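Peer 1: Here it is, the structure, as structure tokens.
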Amino acid sequence: DGDLKFPLESVKKLKELMDESRTNNPRMAPMASHSPCEEKSLPAEFQALCKREDAPIIFQRLSLAAEDDLCELCANAACAGCL
């Protein structure tokens, strides 16, 4: 995401955490106040990101990058020409 780089497996774990928080409370809006930073199982790679003001937007973009319908190559920001 921009100059930030994260392992794909960590991004997939982030998506799982974000999906679980939505499933636990289906009334929550996509950009609700719950933050992945509140999760104890948040991968260590994202801890520094939690200190940034734009963290919710970055988390949302990373979650979208790990959508199940994207192949792993296309989910990689270095890949061009996909979709």
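Just so it is clear, glycine is given a Cβ too, placed from its N, Cα and C backbone atoms.
What TrEMBL records for this protein is below:
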| type | residues | note |
| --- | --- | --- |
| DISULFID | Cys37-Cys50 | disulfide bond |
| DISULFID | Cys71-Cys79 | disulfide bond |
| DISULFID | Cys74-Cys82 | disulfide bond |
Peer 1: If I restrict to non-local contacts, at least six residues apart, and a C-beta distance under 8 angstroms, what lies near Cys37 (disulfide bond) in its own chain?
Peer 2: Phe46, Gln47, Cys50, Ala55
Peer 1: Looking only at Cβ atoms, how many others are within 10 Å of the one on Cys50 (disulfide bond)?
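Peer 2: There are 13 such Cβ atoms around Cys50 (disulfide bond).
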